[in-house]
Amino acid sequence: MLELNFSQTLGNHCLTINETLPANGITAIFGVSGAGKTSLINAISGLTRPQKGRIVLNGRVLNDAEKGICLSPEKRRVGYVFQDARLFPHYKVRGNLRYGMAKSMVNQFDKLVALLGIEPLLDRLPGSLSGGEKQRVAIGRALLTAPELLLLDEPLASLDIPRKRELLPYLQRLTREINIPMLYVSHSLDEILHLADRVMVLENGQVKAFGALEEVWGSSVMNPWLPKEQQSSILKVTVLEHHPHYAMTALALGDQHLWVNKLDEPLQAALRIRIQASDVSLVLQPPQQTSIRNVLRAKVVNSYDDNGQVEVELEVGGKTLWARISPWARDELAIKPGLWLYAQIKSVSITA
C-alpha cells in the first residue's frame, strides 16, 4: 500500500496529494503537461523532497517532513523507468540488466528476460537497439532491482506508433504476471485504456479524480479529454459461455449478458470492454426480430445537452452506460431520470 499525504512546491508549481493506493495493479497518473504527474513520481522515488507531509510504502516511511526523514532513492526499493531508457552505452544489454540486480532476483533473470522478449538482445550494445527494445531493457533492469513499486514516466512518449504497438503487449503481460504495483504516467488515453486498473487525474497539482478506470472514464472529469466521437463506457465483464453453434461468446454484465465474436478465453475470465456512446440506441419496448444481438434493460440516471446532441447516462447491472441520441429522440421517448427502457448495443470492443 502506498500512502501519499504531502505537499511540495517547485518554482511556481504546488503539488498537494492525499490518497492511498493499493499494493497491486497499475495506477495511471493522467493530466496535461505541468499538471504535476512527473513531480508526483519524483517525490515518491526520492528525486525531490516534499516540504510537508509523509510518503509511506508498505509500512516503511520514505518521507516524513516533520521528523526529517527522507530516504535516499537507492534505499526506497522503488524502480523508475524514464521516458528515455538511460541505459549504460558501454555495457551490453546483459550488463545493463545485471547492474544493480538484487540477489533475490538472480534466479528470476531468465524468466524476466523471456517475459520481456529480450533474449536475442543480451549481447548487443544499446546503440544498436530500437526505441522499443531499449525501453524493454530499461523495464527489465528496473524490475531486477526487486522493487516494491515500479514508476514509469511516459515510457512510450518518445516512440513512434509502430514501436508503441510493439511495447504495449509486453506491458500488458507484465501486469498479468508480475505482482508489483505500478504508477504509470501518461497523457495517452489509449495507453491508459489498455493498461490501467485505476486512474488518478491531476490538474494544477490537485487530484481531480481517483478511482477504478471504468468509474473515472465515465465521470464528467474525463469529458474534456474525449472528443464527441470517442465518448464511451468502460465496463468490467466476465466470460459466461461460448455459443454451441455460432462463433460467439457471452459476457456477463450483472444479471444480463452481451454477445461478442468468439474469444479464446476460459469461462469466468475477467475482461474489460468499451462501448461507444454513438453505438447505443434506446427503445421503450424490447425489439422483436432484430439483427442487433445485444439489448439490455437499463434505467435512465440523467441526461445532458451537448452541442445539439443528448448524452444519456444509464445504469445497467450497477454499471454506467452512456448513449448519445438526438434531442428529437429524447423528447419522443420522454427521457427522464428513473425511466426504464432498453439499450440496443451495435458494437462492443475488448480493451483488456
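The backbone N, Cα and C atoms fix where each Cβ goes, glycine too.
Residues or ranges marked as domain 'ABC transporter' by Swiss-Prot: 1-229.
In the three-state DSSP reading, Gly34 (ATP binding site) counts as coil. For Gly34 (ATP binding site), the Cβ neighbour count at a 10 Å cut-off comes to 14, with all displayed protein chains included. Residues or ranges marked as ATP binding site in Swiss-Prot (evidence: sequence analysis): Gly31, Val32, Ser33, Gly34, Ala35, Gly36, Lys37, Thr38.
Residues or ranges marked as domain 'Mop' by Swiss-Prot: 289-352.
Here the binding-site residues are Val32, Ala35, and the one ringed by the most other CB atoms within 10 angstroms is Ala35. For the binding-site residues Ser33, Thr38, counting C-beta atoms within 10 A of each C-beta gives the highest total at Thr38. Around Gly36 (ATP binding site), the C-beta neighbours below 8 angstroms that are at least 6 residues distant in the chain are His13, Leu15, Leu202, Asn204, Gly205, Gln206.
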